[in-house]
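A quick write-up on the structure given underneath.
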Amino acid sequence: MKVLWVALVVALLAGCQADMEGELGSEEPLPPEQPRGQDSQPWEQVLGRLWDYLRWVQTLSDQVQEELLNTQVIQELTVLMEETMKEVKAYREELEGQLAPMAQETQARVSKELQAAQARLGSDMEDLRNRLAQYRSEVQAMLGQSTEELRARMASHLRKLRKRLLRDADDLKKRLAVYQAGASEGAERSVSAIRERLRPLVEQSQSRAATLSTQVGQPLLDRAEAWRQKLHGRLEEVGVRAQDRLDKMRQQLEEVRAKVEEQGSQIRLQAEAFQARLRSWFEPLVEDMQRQWAGLVEKVQLALHLSPTSPPSENH
């Protein structure tokens with residue numbers, strides 16, 4: 001994206017610095033449109049969209065005239081200038097960081113060229129805004145009249161701008177590719193140099209580690225074996241103690257179970273004796289009550305049979 005902005009703005013400024021009053025007799029056809037498929041680069045796609053916008057401006061339609069009259073084009077250009085300068089500055093800093101592994105002389109030269117290009121870019125964009133303001137005044141003066149002359153001048157200017165735009169963008173792409181290749185080559189050389197410097201240190205560290213492992217490894221193994229045996233003895237001791245406690249708990253449980261069974265037997269015998277005692281208490285009472293009830297019933301029945309039948313009373 002940063003390469004795209006640099007290519008776009010530099011090429012645009014190169015075309016705008018040309019003479020606006022160039023010869024109109026050169027009516028050569030416009031350069032062919034570049035393909036905008038998925039295989040094309042992002043900057044190529046944006047250049048194509050920019051050229052579509054320029055073609056739209058060239059039509060001098062009602063919308064184009066309206067935007068020229070209300071200074072919308074100049075406002076959008078101002079925003080674009082600010083964003084472009086930010087992108088150029090960020091890209092320059094990033095490229096200088098990538099060129100750090102290169103030689104100091106080369107790095108200083110490239111940095112100086114980039115700073116000079118950035119300064120020229122700011123000056124040229126300011127000039128572009130002034131030219132556009134002047135061109136807007138001409139459009140305002142000619143609106144309502146015949147726009148054929150204005151359209152012809154704009155068509156000629158756009159053809160020249162198109163050529164320079166493509167040429168400068170291609171040149172900038174090649175320059176940036178060279179700088180990027182130099183940065184990559186310098187980075188690879190720097191990494192190789194660092195690797196060569198670190199290789200003896202790594203080998204020395206590996207040798208020391210092997211020696212230290214030989215010297216320290218055996219004592220550590222002996223100590224680990226002693227710890228293992230000590231731990232094994234403690235585990236066995238703990239196991240014996242745990243087994244003794246389990247045996248004692250099992251014995252206590254057996255004693256508790258025996259006592260519970262004994263107490264259960266005693267309670268059962270006491271319950272049976274209490275039941276027999278209750279039976280001996282209540283059985284005579286029940287038999288006596290049964291005899292008394294039978295006698296009472298017998299007396300009632302006898303009284304009913306012996307009573308004379310009397311006629312019913314008249315009062316009834």
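Cβ from N, Cα, C; glycine included.
Annotated features, as they stand in Swiss-Prot:
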type: REPEAT; residues: 79-100; note: repeat '1'
type: REPEAT; residues: 101-122; note: repeat '2'
type: REPEAT; residues: 123-144; note: repeat '3'
type: REPEAT; residues: 145-166; note: repeat '4'
type: MOD_RES; residues: SER146; note: phosphoserine
type: BINDING; residues: LEU161, ARG162, LYS163, ARG164, ARG228, GLN229, LYS230, LEU231, HIS232, GLY233, ARG234, LEU235; note: heparin binding site
type: REPEAT; residues: 167-188; note: repeat '5'
type: REPEAT; residues: 189-210; note: repeat '6'
type: REPEAT; residues: 211-232; note: repeat '7'
type: CARBOHYD; residues: THR211; note: O-linked glycosylation site
type: REPEAT; residues: 233-254; note: repeat '8'
type: REGION; residues: 277-289; note: region 'Specificity for association with VLDL'
The region 'Specificity for association with VLDL' (277-289), counted residue by residue under DSSP: helix, strand, coil: 13 helix, 0 strand, 0 coil
ARG228 (heparin binding site) has its Cβ surrounded, within 10 angstroms, by a count of other Cβ atoms equal to 10
Packing count at HIS232 (heparin binding site) (other Cβ atoms within 10 Å of its Cβ): 10
Would you count the other CB atoms within 10 A of the CB of ARG234 (heparin binding site), including those on all shown protein chains? 10
Any idea what DSSP makes of ARG234 (heparin binding site), helix, strand or coil? helix
Model confidence for the repeat '8' (233-254), as mean pLDDT, reads 85
